[in-house]
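Taken verbatim from TrEMBL:
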- 26-49: transmembrane segment (TRANSMEM)
- 42-291: domain 'G-protein coupled receptors family 1 profile' (DOMAIN)
- 61-79: transmembrane segment (TRANSMEM)
- 99-121: transmembrane segment (TRANSMEM)
- 141-163: transmembrane segment (TRANSMEM)
- 199-226: transmembrane segment (TRANSMEM)
- 238-262: transmembrane segment (TRANSMEM)
- 274-293: transmembrane segment (TRANSMEM)
Amino acid sequence: MVWVGNQTLISHFIFLGLFTHSPLHIFLFSITMIMFLMALSGNGLMILLINVSPHLHTPMYFFLSWLSLMDLMLISTIVPRMAVDFLMGHGSISFTGCGLQILFFLTLTGGECFLLAFMAYDRYVAISNPLRYSVVMSRRVCWLMVSGSWLFGLVDGLIQAVFTLSFPYCGSQEIDHFFCDVPAVLKLACADTSLYETMIYVCCILMLLLPFSVISASYLKILVAVLRMRSAEGRQKAFATCSSHMAVVSLFYGAAMITYMRPQTYHSSKQDKVVSVFYTMITPMLNPLIYSLRNKEVARALKQLLRRCLCSRGQG
């Protein structure tokens, strides 16, 4: 605690967490850890396969490798600390630590918002204009898109981390959440946060609605192009791929919009925690399954890698 005038400013926060130690919550915690391990292994495997397989060195898989890295970092920013807090029976985080968690979390989620939009545009160009695909999606353009995703995410993370921690916190230390989520932290501020909430709305329009609009427009044009295909098998394959992609994208953006685009008065701690699980744990686990591991090219790369490992073990 730090005394300023007649107020006591807090120096750390205490997480109330996602689970209690009831039998049901212990079971749910076990499911969460399985999801965490699946996300680590799935995304880690995708990064490895894309880097060691020459036939996966294309723009689509280039973006997928960065998506896997973002998901890997995102879930690692949240889940390990949450698990340690649950196992120890209590969890606290310093003021600075909370700011860093906000920074990393929003940088990664913001970066992923833009990266998903660029990935949708990449698929649109590949299907709608295949002859000019290699020119439009050159290596330089791909690097600019990835760099832009990280830059936009970092700017958003810095702005929100600095502004959130600029408020005085002199009341309760207890954050009714399992990580330093901005709406949950703001509830503890002993100052008027209405202007900052307005700024968050503006940031969300830029970070969520604009990329989601690009994704929706891209997949709508892809749908039109698919309907013009003469091959029934090609149409069915494209429909299956696009529908699964849109399902995961809608899950990620929908959960983020519910959390960050509602007025503070409409926030429920229990609801916020449940919704946060979708974009911090579920989508990082689903992305490698939906985007890549069902793909024949990725399956071929996995078989080649396993064959190479077995051969080297046999020679050894």
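FYI, residue positions are counted from 1 along the chain as it appears here.
Just so it is clear, glycine is given a Cβ too, placed from its N, Cα and C backbone atoms.
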>> Is it true that the transmembrane segment (141-163) and the transmembrane segment (274-293) have 3 or more CB pairs under 8 Å, sequence gap of 6 or more?
In response: no
> Okay, the transmembrane segment (199-226) and the transmembrane segment (26-49): do they have at least three CB pairs under 8 Å, pairs separated by 6 or more?
Replying inline: no
> Is the number of Cβ-Cβ pairs under 8 Å between the transmembrane segment (199-226) and the transmembrane segment (99-121) three or more, considering only pairs separated by 6 or more positions?
Replying inline: yes
> In the same chain, which residue numbers or ranges, 6 or more beyond the ends of the transmembrane segment (99-121), come under 8 angstroms Cβ to Cβ?
Replying inline: 60, 63-64, 66-67, 70-71, 73-74, 77-78, 81, 93, 145-146, 148-150, 152-154, 156-158, 160-162, 164-165, 179-182, 185, 207-208, 210-212, 214-215, 218-219, 245, 249, 252-253, 256, 279-280
